[in-house]
Amino acid sequence: MNPDTHALAGAYAVNAVTEDERASFETHLEQCPDCRAEVAELRAAAATLTSDVEVTPPPALRASVLSAISQTRQLSPLVETTGTRNPPGTPEASPSSVAAPAQDAPVVDELAARRGRRLQPWLAGVAAAAVIGVATLAWQPWDDADTGQQVTATEQVLRAEDAQRLEQPMGASEIAIVRSPSMKQAVFVADAMPTPPAGRAYQLWFDVPGLGMVSAGMIPTSNATVAVMLKGDASAATGAGITLEPETGSEHPTSDPVALFTFA
Amino acid sequence: MVVMAAVGSGDTSLPTAAMGPDLVALLTRAARGDEAAFAELYDATASRLHGLVVRVVRDRAQSEEVTQDAYLDIWRHCTRYDPAKGSPLSWMMTIAHRKAVDRVRSAEASKAREVTYEATTVDREHDSTLEQVEVRLDQQRVRRALASLTDTQRGAVELAYLGGHTHTEVAALLDIPLGTAKTRIRDGLIRLRDTLEVTA
Ligand SMILES: [Zn+2]
């Protein structure tokens, strides 16, 4: 490996990198245990820089945080099939199984578990942009209480019986594509997508056999949660991707993907 | 109070006595959905995380949003916390720092688009915020560690970590070659790590 690549470990550890640098360094981190260890150590060292700075947030913030978490679902743990974090009695994964709340009984196939291991650096807080091609596959029924209200088209896909959720980290946020083969539709969901550079926006693509990457629409720029239906037939696609494009969108991808999803 | 010993734990090189609550245990319970444990975790760490966020973001209202956002992220992701990769506090500080940096950069991006944005309010906020920053007195060890950095290393590390600048921006600010800023940041952090004997 180019020694110059390792040299970015310090800047990366303190988030002093651009999104592009972050993405490429994280590809490097996947295969460089030295840099992973160094990043963790340098982060701990950096944290001491403000060890003399304590600012007590207002009590209202505490109340607000605690109220928010009570309404916020936690991510499913990434389960290693041979690992110790797999709770006893976890059922074997099966595409048709409908999981209890994922926190208690994660439904993850072996491939996803392998991918999960590769995601570990990020999970430990080596905050990562999308690591290409390592989406975690889980069949994820939404455990939100059904309010009985009319649901949008987007929600219908999210709640579909056969909805498959492919999630992966992108920066500090978690992005996911939820696809329902029976509805032939897919929805992109994210909270707090990294802000694209000025004049640019994230564009969604379906990977369609014979056609290649076909535009599936733009992701609106927002700090809040985004849920956007992908345009096109999701059942015909074998995967999806996201690239940075001019705000008006492109006919074909003009940059390397920042995220790729492979449909099962 | 979370003393700085907690920074290095995962770690056995720093004393763990008188360190306050066991953050690993709290995080483990929180990962199982235990909101009371998360509240304890918040109480044990909020002033450190918020202190960091305020240092980077400066604006008080925005800092509060960022800190809240960080804790929500910690809640969502604590199911996936891996002690092998860092102490709980280091992990949480990393999340808060990333959120803070994202905030100042997106603010800059939108400022670049809307030139009309007034920065004066930010300055005023900045001053009132600084009044609330409590400086702890028992920080000799960290001060000694910081003193072991060269001035140029310390400058680069602080611009990057506290200023929220990329290494490219640090190079421009210090008027030094690109690779030099990258090296100074890394060397400075390594020196800090070695002096403090922090492990992840
Ligand atoms: Zn490396």
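For all residues, glycine too, the Cβ spot is worked out from N, Cα and C.
Some features that TrEMBL has for this protein:
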- B:41-107: domain 'RNA polymerase sigma-70 region 2' (DOMAIN)
- B:140-192: domain 'RNA polymerase sigma factor 70 region 4 type 2' (DOMAIN)
Let's see if you can do this one: DSSP helix, strand and coil counts over the domain 'RNA polymerase sigma factor 70 region 4 type 2' (B:140-192), in that order. 42 helix, 0 strand, 11 coil
The domain 'RNA polymerase sigma-70 region 2' (B:41-107) [mean pLDDT, rounded to integer]: 93
Within the domain 'RNA polymerase sigma-70 region 2' (B:41-107), how many residues are helix, strand or coil going by DSSP? 61 helix, 0 strand, 6 coil
